[in-house]
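As recorded in TrEMBL, the features of this protein are as follows:
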REGION    1-20  region 'Disordered'
ACT_SITE  Cys52  active site, nucleophile
DOMAIN    52-302  domain 'Glutamine amidotransferase type-2'
BINDING   Cys321, Cys467, Cys525, Cys528  [4Fe-4S] cluster binding site
BINDING   Ser368, Asp430, Asp431  Mg(2+) binding site
Amino acid sequence: MDSKDETRAQSQQADEGLEPTTAALDQLALSLPLGKKRAGRGAVASGLTHECGVFGAIATGEWPTQIDVAQVICLGLVALQHRGQESAGIVTSEGHCAKNFNVHKGMGMINNIFTDDSMKKLKGNLGIGHTRYSTSAASEEVNCQPFVVHTAHGALAVAHNGELVNCESLRKDVLERGVGLSTHSDSELITQALCLNPPEGEVDGPDWPARIKHLMQLAPLSYSLVIMLKDKIYGVRDPYGNRPLCIGKIVPLTIGAYRNEKVDKLPAEGWVISSESCGFLSIGARYVREVQPGEIVELTRDGIKTIDIIDCPENRRHAFCIFEYVYFARSDSIFEGQMVYSVRLQCGRQLAREAGVDADIVSSVPESGTAAAHGFAREAKLNFAEVLCKNRYVGRTFIQPSTRLRQLGVAKKFGALSENVAGKRLVLIDDSIVRGNTIGPIIKLLRDAGALEVHIRIASPPLLYPCYMGINIPTREELIANKLNAEELAKYVGADSLAYLSVDGLKKAVQLNMAVKKPEQVGHCTACLTGDYPGGLPDELEW
């Protein structure tokens, strides 16, 4: 078989979704049967999707507050819109009535859900919000968060980012205690589990920290939670620290006079808690710190305090999702003491060291690969130039139902800057390759614009395994890296060469400038890249 026939056969295999033959992958396939848990989730034909973003805000001092808490939450959710575009909700409390919360939820984008009329109804001195993409339950209004339940001790609202690894066993436990569930959502399950009395019992009313700790012992992975009671908010991060959560301080609008002061010296008009710190400045807040893995924090009108910190099971290392750095987070967010943009820049530098190539210019697939492209260009001492012009008025390509329409969608989504491309040898940087559907049409577009060579460099390792901790990574049969190696994929998509960043290179880039107090506990989840799942594979995983 000559090279053309070989390439054609490889393309046919990729199109038909033939199984890879690696023993490890076959074993994993047996361990992860696709089942009912994710039936009805939103269809994703290209790219990756995150499950959710959570946000909470509480005003300090005397209530009623002068801060429009609902507006703060709404703007916070807008900053987290990249984490979910299917539905959103806000729940507020005025702080004096345990029976009723103000609630507004709906399907769609935040600016379509929260109108002037709906915002007027969300009066309160504290509140929580949520923006959602479904991974564990259908995209329906019944699954919109935050979930609100009415307990014997008053109303309780919960917003959740993540996906419970042991969902089925926890569901059975809750049902056996006589609690009814109206959805298949992990988040409703968490809400109902919090209503259960802790094993040691309660003496004088509900012991919410004990209930939260009980939940964390029942379910070590994977979640960041914001939980609202009548007059306080709890923030909870799973013991592995798999999902992000951070705290910010709302400061006076005259803060310019305090510009050189440390954040702990600034007066607080309120506190916020969020999946990401992006957007803090736009709501008049300053980044304070991350919620530590396993930490339970309490936000009241008097400030914030740590209630408890639950250690990782069996003293294992933490497992913060490394793809938050690669793909999911907004570039102006801060994780582990460093800005995401800086990490992506470093990924590009490391990629240039590992997979340099003779070329004239470096560019990126906007905007996801831009930071890494700048890092690659600086390390390789090449000029960066934009070569793709993005059409911002085209709908998301993942709604297209077929490969052909998806490829047409790419053509509609981008135009080529031919003056920057013509006659040039080009290195094109992207953050990841999932199915491999979009990169081929982009390469063709650049060649049609006059590019002499197109070398693809991916600022992350190949995606090989699915995720069951809140990221909607397709099944392994759909991941192109399980079918074609880098050289084969280059031929398949029409590139002159293609190379990925190594797993060790990604870890090195992420950990280079980390600010950590306990290096022996530092760890990152690389399950989608290596198959090494934090805590191991559960015995009963029905998705």
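Glycine residues also receive a Cβ, built from the backbone N, Cα and C atoms like all the rest.
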Other same-chain residues whose Cβ falls within 8 Å of the Cβ centroid of Cys321, Cys467, Cys525, Cys528, the recorded [4Fe-4S] cluster site, in sequence order: Asn242, Ile322, Phe323, Met469, Ile471, Ile473, Thr526, Ala527
The residue listed as 'active site, nucleophile' and Cys528 ([4Fe-4S] cluster binding site), distance between Cα atoms, whole Å: 18
For the domain 'Glutamine amidotransferase type-2' (52-302), the mean pLDDT of the predicted model: 90
Nearest of the recorded positions (Cys52, Ser368, Asp430) to Cys525 ([4Fe-4S] cluster binding site) - Cα to Cα: Cys52
Other CB atoms within 10 A, centred on Cys528 ([4Fe-4S] cluster binding site): 26
Local Cβ density at Cys321 ([4Fe-4S] cluster binding site) - other Cβ atoms counted within 10 Å: 29
Non-site residues, in chain order, whose CB comes within 8 A of the mean position of the CB atoms of Ser368, Asp430, Asp431 at Mg(2+): Tyr327, Ser364, Val365, Gly369, Ala372, Ile429, Ser432, Ile458, Ala459
All-chain count of other Cβ atoms within 10 Å of the residue listed as 'active site, nucleophile': 28
Among Cys467, Cys525, which are binding-site residues, the residue with the most C-beta atoms within 10 angstroms of its C-beta: Cys525
Cα-nearest neighbour of Cys467 ([4Fe-4S] cluster binding site) within the listed recorded positions, Cys52, Ser368, Asp430, Asp431: Cys52
